[in-house]
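Have a look at the structure below before the remarks.
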Amino acid sequence: MAAIYTILVLFLAVFVAGFILLIMGAINFDVSNSEIPPGMNQPVKLRIIHIILICIAVVGKIVEKIGICSKINFVRYMQGVRTLGADQKLFIKDLCFGNVPVRIYQPKAPSSSQRRGVIFFHGGGWTLGSVDTHENLCRSLARESDSVVVSVGYRLAPEHKYPAAYEDCLNATIHFMRNIEHYGVDPARISVCGDSAGGNLAAAVSQTLAGRSDLPKLRAQILIYPHLQALDFNLPSYQQNQGVPLLFRERAAFFALQYLNGDASHMEEVLQGSHIPVDIKLNYMKWVSADNIPEKFKARGYKPHVLLDCPTAVYETMKRFCEPSLCPLLAEDAVIQQLPESFILTCEYDVLRDDGLLYKKRLEDNGVRVTWYHLEDGFHGIISFSNSDWMSFSSGERGLNNIVNFLKSL
């Protein structure tokens, strides 16, 4: 019996040691392939958070291998583990707008007039994130700007491919607009807001509603480091920040493909730029081009990318990347001209920086008023850590304060 016990203990020790070595090896590989440039806000804290996220991903792979659950469901579960208690200043309620789950944040303090309404779409590459992961941010927006915030729990890829997320966000927005009287919101002060993939969804919803005469006009769109195009993954910001946490260049392409059709088999073509025919890319270069990026944003290095031919079979699976409801940067001028006042936040150390800069130019060229705030020391995802105890970043707090001040000005 003692011998069996000894063998079991040794087996467990070997298993635990192997598990730890596997995680340490994965951490070492990911960290060695990442870069935290000089000038980033609180780099040590960012590195710690990055390592925690790597550990979650590695454990997710292990539980998937042994058949407990899929990696993506494990990561989603871990993201939503932290729960917040009641808020002394807000009424918080989970509802459904049709088939779309939402969480509504309403200030408790009485108001002498109708409040602003903010419809929020969370980030997470269309595959991760939830109303829970962005609970802190939505509470902050509601409290600090004295607004009614509606956070939309749209369907996620790859289980639900494009246009599922877009349709959920659009339908939730329309439902809110048509039932505005129940929430004490001024119909003339409704805005859409989103971060990362949520910024994509906010821009797409805003474009779709721009020509609707049967609904209130949106007062503003607030786009926080939005992902707005999938034609060119070789813009200056993609080259400069390809290995900068928390969003690598390859991951940005992977997420876009997961949302498009749940198939990342053509990721190499997407990264090379050989997924869209040259003639189509040339047509869109008036909007998606490094030539439209101010020279100061190329100072950290940029090498012009050679246009490559696209196999017909590849394009057939990628052609929906040319649809504005998936890539809002490609909308026609006639649509852009009708868009509401806009706030765009970009971060210097973010692969999506140039998407925001290009959209800013398009909006301004078409006479749309834009408030732009650039975090010189910021990275992708920094706003979602705001008011999160030790995980908060001073740069992110500045960004959130500017968003709140913009909302208050409406």
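Placement of Cβ uses the backbone N, Cα and C atoms for every residue, glycine included.
Per TrEMBL, these features apply:
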ACT_SITE  SER196  active site
ACT_SITE  ASP350  active site
ACT_SITE  HIS380  active site
DOMAIN    118-266  domain 'Alpha/beta hydrolase fold-3'
DOMAIN    318-383  domain 'Alpha/beta hydrolase fold-3'
TRANSMEM  7-27  transmembrane segment
TRANSMEM  47-63  transmembrane segment
Packing count at HIS380 (active site) (other Cβ atoms within 10 Å of its Cβ): 28
Tally of DSSP helical, extended and coil residues in the domain 'Alpha/beta hydrolase fold-3' (118-266): 60 helix, 26 strand, 63 coil
Segment confidence, the domain 'Alpha/beta hydrolase fold-3' (118-266), expressed as mean pLDDT: 97
Residues of the domain 'Alpha/beta hydrolase fold-3' (318-383) by DSSP state, where helix covers H, G and I: 27 helix, 19 strand, 20 coil
